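Asker: I have a structure here, written as structure tokens, and I will follow up with some questions on it.
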Amino acid sequence: MSDLSAPINSERQQDTSRSRSRWWSRPARATVEPLVASPDAASDDGSAAAGKAVRPGLTVGKVFALSSQERPVLLLAVLLRLGSEGCSFASPLILATAYDAVVESYGHEERGDATREVILRTFTWVLALHVAGQALGFLSGFATGLSGERVVSRLRRRLYEHLLRQEMGFFDAQKSGDLVSRLGSDTLLLQQATTSSLNDFFIGLVKVVGGVTLMFIVSWQMTLIAFLSLLGWLVLVCLPGMRLVSRLTKQYQAALARASVASTESLGMMRTVRCFAAETLEVGRYQDCIGAPTGREWWPSAGDTTYRHGAFKSAAGTALTSSGFAVIFGALQVSVGVGFWLITYGQLQFGKLTAFQSYQMQIVMGIGQLASSAMSLGQAIGGATKIFQLLDREPRLPTGGGQSPAEPMRGEIAFEGVVFAFPTAEDVPVLRGFTLSVKAESTVALVGSSGCGKSTTLSLLLRFYDPQRGAITIDGHGVGDLDQVWLRSQMALVQQEPLLFGLSVEENVGYSLSAARAREGGGRVDFNDAAVRARVEEACRRANAHEFVGGLSDGYATLVGERGIKLSGGQKQRVA
């Protein structure tokens, strides 16, 4: 079958080199019925996205399910952290004996030797517990960090693979910068939530519960004051604060995604930006997404920007943490006063009071961990919404399955009464009752005005989209019944504006070889292999590219740069 081209412009071209790059060589043998003149492009309106998008009913459990494979390691990390915290909890009670010994020996010199022995024994135990606690804490942190990297690597691969399986209509409705933001910053939020934040939340809870329990053992009167203060903060401040932070994070991530889209577009089209001296315009577009705080405007008054949403998110998070510390430290002062009162009545020893204060400080740290991890969890839940929407989305056109005919493709093509409109603009038909018959081993040129449907015809032939009505067949087989991988492996496509990957010349020319090897699970293609190199060079000779490739600095191993920027337009066309 002949190579197929991308959209063909019907306007006459004065550039002879561009004319020679077209793919037809003799008059068309097929009869082409008139096409409807309508924009041959998908609308940028994401509201008409193709496929089935399922709202996942986001829950905290669904977020934590991402770390299910790491549960043994995370459980070990929690146990190690519990051991570390146990050492911290034991130290104040042990120190209490030293405090009591010093107080009781005051004014009794004959008890000096016994008191010093108690002090030496006490601090030996405390030092040993401190070293053990730090070692266990290090092992716990290492296990948690390693698990987090494993979680985010799997999630990014899973999300990226799922995105690549979506149909073309999905990408017509999405912006690449938005999807890149999902793969980057949003997955990082989930990594922190499912590993370190979850661990910190649990340990913070253990510190609070364990501290309260030991405080009850020391003095129930003082504990009651602290416990009621803590319970009030959790119910009245912490839980509502988590919901607020989650909502603000969703708004922040959405604004950040728009900023990513703006920067990706302008940096990827830098030649166009520079040509029109549009640097100021692009800075303004980016600024509309991130905000522009000035020296006199510290608080953002309006605007859907990362600065405004980030300011509100920062204020909510700070208020959540500060309120927790304020409540606990206030309760600390009151309970200490009650403790001194109990000492005067002989109902409490001084060493127990110091232990009680230590446990209160442990609870303060636990509250800080709870607030910080609660804020991280709220941010993760807010950022995870888009990720789960993408993961739960079912592509309209499956990438696998279908027939794979045993005989080679001959190239008998037929369009019969095809009606088609892009999924993002279903009310704007591009083809209406389009009929075309192409004989095998023939060369065909589609000629028509801009937007009449020439490139759309090729997109349908490659089954980038399915028509609303009509049939498309190749060698009598319906395109929709064929395996898409097999179908596209039988065709070659040279686009009107060829784009190359930022790889070497040989890797771009042998891209189909690498794709086939990856599908078969055979690893990477060795372009130093003589047989592979021969195939690559033969392809370049046929495309009249071998001579100029040989003149490049590193020959076939020369890196072409992002989108082939290091090559001229004609060179890119030949390599493509």
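Glycine is no exception: its Cβ is also placed from the backbone N, Cα and C atoms.
No curator has checked TrEMBL annotations; they are predicted automatically.
Owing to the predicted nature of the structure, the values given are computational and were not obtained by experimental measurement.
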Asker: Do you know which of 125-148, 413-436 TrEMBL annotates as transmembrane segment?
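Answerer: In TrEMBL, residues 125-148 carry the label transmembrane segment.
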Asker: Which bits of the chain, at least 6 residues beyond where the transmembrane segment (318-343) starts or stops, bring a Cβ under 8 A of a Cβ in it?
Answerer: 219, 221-223, 225-226, 229-230, 232-233, 237-238, 241-242, 245, 349-350, 353, 356-357, 360-361, 363-364, 367-368, 370-372, 374-375
Asker: State the residues, same chain only, that lie 6 or more residues beyond the ends of the transmembrane segment (201-218) and have a CB under 8 A from a CB inside it; answer 'none' if no residue qualifies.
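Answerer: 78, 81-82, 85, 89, 92-93, 226-227, 230, 348, 352, 355-356, 359-360, 362-363, 365-370, 373-374, 377.
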